[in-house]
Every structure is written in structure tokens, then in C-alpha cells.
Amino acid sequence: MAGKDCVKVAVRVRPFNKREREAGSRCVVSMSGNAITIQDPRNPHTRRTFTFDYAFWSHSGFIRNRDGLFVAEEPGGRYADQGNVFNDLGQGILENALQGYNATLLAYGQTGSGKSYSMVGYGPNKGLVPTLCERLFRAVKANQESCQCQMLFSMLEIYNEQVIDLLSKGGRSPGGLRVREDQQRGFYVEGLRRVPCDSAEQVEQLMEQGTRTRTTAATHINANSSRSHMLISAQLKQIFTEENITKQSNINLVDLAGSERQRCSGLEADRLKEGTAINVSLTTLGNVISSLADAALGKKVVHIPYRDSVLTKLLQSALGGNSRTVMIATLSPSDICYEESLSTLRYAERAKRIQNKAVVNESPTERLVKELKAENAKLLLRLSRLGQDGRKTEEESKELRRLLTHNEMQIKAIQTLWEHHLQEALKDWETQYATITQERRMMQMHPYILNINEDPQLSGVVKLFIQEGDWDIGLSEGTSRTITIKGLGIQERHAVFTNEDRGVSITPVSGAKLMVNGLPITYRTELQHLDRLILGSSSTYLFVGFPCERGAEDWSRYDYDYFQSELAAAAGIHIPTLCEEQSPGVSGEPSVGLAQTDPSLLAVFYDYIKLIPMVTEANQMSQELNKGVEFKLEIKNLAMSDCRGRDLEKDIAVRVTSLENKQVWMWSKVKFVNRKFLMEEVYQQQVGSGGRQEAERQPLPRDRDPFWDPLEPLHLGSAHLWLQSLAFRIPLEEQVEVLGPEGTEEAILQAQLLPCSPMGLPLGEEDILIDPTELLGKRLDFQLFLEQCCGLRWLKEAKNRGVQIGFRVYDCPQTFYTPAVWHNVNPLLEHRLHFSAMRTSQDLLNYLQSSALVLELWGLQEGCADMVSSMEGLRMTPEGSFIIDKASAPDPSVLESPGCVSDLRSSMRALHQDLEQLRSANAALRKENNTLREQLNRGSESAGRGRPERRGSLRPSCDAELARALKVFYHSMTSVRAQLQRLRRHRPSEEADLLGLRLFVDEQSRLLRDFGEQLEESVTALKQDVAAIVRRKRERSGIWS
């Protein structure tokens, strides 16, 4: 009877990769025994601990030995190498398979977390799959005297719910292979090629063939390997002749697609569902695991959704069925991958609760042989009895002999089927071996181009040789001198390679997209060893020159990121530019100061280079489908700051523009990635299915079109109006620049801040404060007046647009918006709002002295709804002004309470009594003061009549004079600031000739001279006023000395 086996779960922590090291990432994962603890980088006190069956620490404490193997730095160290992982996981799978159990190994984790390295390995560091096959055949060879073994190997990929046979001899069938269901076999892939193998070398060769097919398929259907699942199946059949027992086991090794969590806030939510068919398999797998985990805990589970995806159909026996299953979850310990790593750990924790029921399997084929032999014995017995009884007839005898012959033929066919398939597989293996030998020989004779893929496992698989003469490269397969490649943006005849005089050049055909070392070329270009080529949208190749040109260079540095970094650098986006460093590094390479770069900038840079090929492919699909939409990468908040002048967090956005009517959308990174995969689905349906003519294509409904979205207001930029003048009750009139996300000038905004009375009347000069703390506890009223917006770049691009200004003041819960203005490059806003602080608090005073009012410019388009200010949560004074600083303002509900009204009246009576007492005390003090003054005057007259007579009995204060001087200086500086704004806006025309430039220089010189004179006059006047005040003070000090 089958017992219950829980799924064994292991977790492996990989080292930092190149990006994480350069970003200065911090390790947030620790390990103690089989317990994993992860720490929230934003809140170090928040920790989560998970316990698993196995835990492998591969993050640190290792070196590379002479053979290229990664091993522990010290004997007995904690580092878990590939051998340790196999001993704990692979050995168990091997033993289960040899005992006749089905065995499954699942690799789960985000893209780049080390799944493929653990499963397949790299170079001499072989992973679980090749090591398992090697040990399996070693065990078979050791038992070959008592056991005959047969192994069938298959390899498939699931992408977008389509099954691709990676070992198929023929072409890829449209829509992929079908998944069928049989009562005995369960779910299986119809038409999947299963190759007989009798050596580990043959399995390794088949894996190379599958990887080559996977690379070609990914290029052809524009798929990303990180979004596909790879499933390797090995069917092992052991025939024990002496015991007359057959054991059969299915070994499934599954490399799941990347498990990235899409960070999607409410603002980034997409109207179209994320991922659709591409994410169905992984999502359904999570639902199956959750349902099985709930069932293991005793919860009532109505339905387990195995049938909802292709992947879960094929893994039904591995999850809750007849299999012994192991899951290895790989994760990054970097703080920038915290969310993904935590999600992986939670997923693995659910998986370890699943219970399977594994049994030893008996081969149906061997059972059939037994049944046929038993039936033959019965037939022979009947024949002999018929002969003895003398009652046999000729017809009956013929029928029995026919059945006997048929059964013997079936037995012979079953027994010879394996040998026949094995001979065919050996012939294929010999052919492939000859092809590999030929390829290696040509590598030593000719230059070639080498494919570079985002997945390192798929890089370097395709080699296209350039022999002497001219060679066309493109989609065409017409001539013998054609190099055929497939991919987005590749033309029938895309370019021509020329190999002559020990040199290779490439010439693009008219209209073909071709880049060399990140730069587009339109003419014949000589290629140098290790030049980087991009053909079409994103087909990337590394040119390897003649054998005599090849040295000991490290080709591994020319990875996929290197290609994209070159493209980013050509577009002016690289780390030195982002950090405003003065010495940029080599194109596409990190600069010397990269280690000191802000990690957030590095994260943005790597996001940028990751999205470059996706944007290029989206543009190509838009062009081929005649969508008329253009995509462009932008860095959000590159030159923007908050109300205190601190840089805002930078992010990547994609600007989407309709070429026909100039409509614009701005998509977040998450939204664009989702839409890009939806675009691939549409592209494959309309272009990849049968090649129908454009006129025959069914138009996609707008609500399902991933290239379209409803129009929304766009954030164009922001300006900062500093509030410090309000703390002194000084009016401010400014012309502020509205800067876009990338630092471009979007407009000039004329704005005023006007201190006023509660009724809205302007204050006079006598109300200006020297010390802002005098405002504490007092009422402060001011008006914001937005007068005009000049030079709107948004309107210069298209006249049928409008704008609004939005802003938020201190603790107001809602954003205020100006009325929309349309069709005007220099619109008058004339929008005035009155704000009041009933009792100015220290927090408000600090806000005024250190913060700015951020004025956001929003762009509107026809069909886009205006933004409206909400009054919810806002409070107003009886005069109609908006109340700010609510923490110190009286609560209206308290004021309206009857009990509180009587208390307030009592308090008012007490205050009146105190006021009368203070008035009486003040009158007494004044009387006493006059008496003292008269006595002082009489005393001074009798003391000396020859001394100069004093003017006034008290020393005049200099504070008022200094305040008046500062006030005059402040008003003069307002005109100086206006002159500076004119200088900043004064620029030459783009179409100006030499005479125009000379006139511009003359005008600029005049403006600079005027600015210098005004500034000098203001400073000189202030110096003179201060000097006069100091002189008078000294004179008075002399009088009183």
C-alpha cells in the first residue's frame, strides 16, 4: 500500500551578481542549519524565519580551483558547491528512480536567481541534470549482468501555453503540440519525440541539441527564456530477467519560468490582465500548490485546478500524485531583491506541505509480453488436445495456428522495438557528432558570428560562419550563399557579409536596421574582432575574427547587458551622465567611480538597459501591425525634487505616442512589460499564423488592443515656489521654471505669494517681521496668485491640447487644481486662492522657512477629462479662505458644544478682568516713568551746562532702521531676480545664422551688464545704509558714555 511522502523542499542562496555588487547591495538573508531568515531592508527589526528540509549557502566563502570548479574556501566551510547539492537532492532522486518510483525535481525562483545554474550548471560546474544522468548510467552499467535497462529521453518547453518539442527533427508545428489524457498514462504530450539513450554522453548531446532548438525558437517567436518553462523527462525501464520483474520510473526535471513579483500599486494597475496566457502556468501552479497545502492541513478543498494550464496537467503526478518530488527554491540575498526573495520563501513553505502517494511502477509492456506468452501456452495446449481427441478440423487448426503466429510476432515486435529505436538514435547521434566535429573544424578556419542571449545558458549556441566571398544574411533561404536568421525586424535580405583579403565587412540593405558597437550604420563597415552586431530589433551577435586575430581575451564580458549598455550610452544614458560625473567611462562600460554611485541610480540604469530591447521590439511590432504607435524610454524624476529640495526616487517610464494624432500616454515599467507580452500574443496571431494579407486581418477591438489606452492627464513637470518670504510677511513675485522629468524646460510660470489680512487686503511695509517667531500663536493669511504660464512646450507640439496646474499646501488633504486652459501657448491663469493659519504653529513655521510649494504642470488632450479639486476634508473660515495648520486650529465641533460655550464665556470674563488689571498696572508704570524722566532731566541740567544738549531722553533703537534697510534691499533684489530669469530664458534661435548669433551675443552682453549694474547698486545701497546705521550707533554710544 502506498505511503504518504511530503514534498522535500530545499533553498539555495546564490552569490551577488555583477549588478548587485556594483550597486553596493547589502545581504539581507542569513542561514542557521536548515533555517533561513530574511530581513526587511526598510525596517531592520522586521525579520521572517522559514525552515526547510535542506538549506544551501552558496553566497560566500568559496574560491575557483585550477579546474574551474567553485569549492569551499576552507575545508569544512559552509559553502555548498554543486557536489553538495547533488549529494543531498540528486542522490535521492537517483535512488528513487532505481527503486521504480516516479521522481520529480522542480526549480523555482526569480529570473537570475540561479535556477539554471543549479539544474544544468555552467562549464565544469555541472548541475543536477547532467550529474544525475551520469550517475544513472554508471549504476546501470554496474548492474548490467542482472538487469537490462532502457532509457527514453525527451525535452520540451512551455511558452505562452504552447508546447515546443526541443528534440524534434521537423519544423515547429503551429500552435505547438497537443496535451492529451489517457486513463492509464494520465496527461501526455502527443507526438513528443522520445529518444533512446544508452550513455551519459548521448544525453549531454541531446541537451545541447535541445538548447540550440530553444535558442532558435526564442529568436523566431520573439520569446524570452525567462518566461518559459523547460521540462526534461527521462523514462527509465529496468528488466530483471532472473526475478522476471520490470520496474519503470519517470524522472521529470523542471526549470520553471522566472517568478518575478510585479510591483503594481493602484496607480499602476492595468486595464488589461497581467501576463494572460504567458503567466497562466505559473499562476495555476501556485493555485495547485496552495490547494494541496490546504488539503494536507485538513481544510476542505473542493477543486484542485490541475486542468487550468499545460504545466500543471503534465505535473499532476508530481504534485499530490504518484511521485517522490523535490523542489529547490533559489533566491538572491540582495536587499534590492527582498520582495522577490520573500515571495519565493513563502511559495516554498506552502509546497513543503504537499503530500504525494508514490508506488513502485510495473511496466505495461512487460505485462503484455507475459499475457501473450500465457495465451500462446493455452493455444498450444488446445492444439495438442484437439490432436489427441482426433476431433480437430482443418478450419479450427488453421485459426489456432494463425493466433499463435500473430502472438509470436507481437512478442518479437515488442522485444525488437527497443533495439530498433536505439539503433536509430545512435545513427542520429553519429550524425550530430559529425556536425559538431565539422563546426569545431570550421571555427579554426573561418570568422563567424556568435549569438548572445539574455539567458547565459543560451548564449554562444548558434555559430554562423562567414566563408570567403559575399554572403547574404536574412530570412531568405533561397540560395546556397545565404545565412538564414529569424527575428523581429529581419528582412528577407537584410545585409551582406564580404570576406576578402583577410578582412570582413558588412553592408546593410536599404531599409534594414543594423548596429555595430551600439551605433546604427547605413554603409559598408569593416568589422574588427569582437565587434558587437545587432540585426533587426534585437538579434544580437558577437563577431569573432580570423583565428590569427584571436588572443587570450575574455569573451565572457561581452554579455547581453554589455550590448544594451552600449545602446544606452549611444542614447546618452550611462552612469557618469546620471551621476553628473566629469569623466565618463568607455562606452558601455562602468566608470571608475561606479563603486561610489548611488545604488538607486544603478538600479534605474540596469532597468533602462533591460527595457531597451523590449521597447525596440514593441516598436517593430507596432510597425509591422500598422498600429502607428511609437514607444520611447524615459527616466522619471531624473531632475525633479520634493518640496524640501530632496531628489525624488527615480524610475523608468515609457512614453507612448500616436504618430497620427500626436496623442501621448505615459506607462510605468510594470505596465509596459505586461503590455509587451500581450503585444507578442497579438503579433503571433496576426503575423505568425499563416501569413495572411493585411486586408484579411481582423481588426482587434479597442478595449482588447494592447497598443491603445484611454487618455489621461500627463504630468509634464513641476516648479518650486519657495515659501520663506511668508515667514517674514514679505510679498513675493516670481517667474519660476517648470522642469520636466528629464530636466527640460516645459514652461515659465508667473506666480505671487501675498501676505494679507483675513479679508484679503494686502499688508503694508509696517507689517513686515524681523523675527519670524513673532508669528507663533498668531493668525497668518496669505494668497497664492497664479498669473500666467508662458512658452508651453506641450502646446507647441500640438495646438489641440490644454494644461492645468496642481499643488498641495502644507497639511491640506486634497490637491488644488486651476481651471483647464486650452489651445494657448501663453495662457492666462489668473487663479487666486486664500489660505489661513488660525494659530501659527512651530511646525508650520518650520515648513515655511524650509519648504517650497511644488506647482505641478499637467497636460490635457482632447477626450481627456479635466482634473477637479475635491473639497472633501477641507475646512474654511467665515471669510472663505482655506484653513491650514489644522493641528493648532480650534475644532469647530468643540466650539459648537453648549457645555464648551459656557466654559468659554467664563474664560472670557476672567480674561477681561486680567486685562483691566494690566491696564491699571500699565497706567501706574507710565506715571512713575514720567516722574523719573523729569528727575533725570533736572539732574542732567544741574550737572553741567557746557555739555551738548541731548535730543531725547532715551537711546533710539537701531533695529527699525536696519529693518527698513533690509526691506529696501529685498525689494531691489526682486527686480534683480527678474533680470536673472530673463537671462536664463534668453537663448539663440535654432535657425539663427552667423549674423543672428552676433546679435544674440550683443543682446546677451547688454543683459549681463544691466544685471551686474542692478546687483552692484543693490549691494552698494545696502552697504551704505548699514554703514550709516553703524556710524549713528557709535555716535550715540559716545553721547551716552
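Including glycine, each Cβ sits where the backbone N, Cα and C put it.
Not measured: the values here are computed from a predicted model.
According to TrEMBL, the feature ATP binding site maps to G109, Q110, T111, G112, S113, G114, K115, S116. Around the Cβ of S116 (ATP binding site), the number of neighbouring Cβ atoms within 10 Å comes to 23.
The domain 'Kinesin motor' annotation in TrEMBL covers 6-354. Per-residue pLDDT, averaged across the domain 'Kinesin motor' (6-354), gives 83.
According to TrEMBL, the region 'Disordered' annotation covers 927-956.
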Please report the number of other Cβ atoms within 10 Å of the Cβ of Q110 (ATP binding site).
22
Whose Cβ lies within 8 Å of the mean position of the Cβ atoms of G109, Q110, T111, G112, S113, G114, K115, S116, the ATP site, other than those residues?
R14, G258, T330, S332
Would you say which of the binding-site residues G109, G112, G114 has the most Cβ atoms within 10 Å of its own Cβ?
G109
If you count other Cβ atoms within 10 Å of each one's Cβ, which of the binding-site residues T111, S113 has the most?
S113
Non-local Cβ contacts of K115 (ATP binding site) (under 8 Å, 6 or more apart, same chain)?
A107, Y108, G109, D255, L256, I328, T330
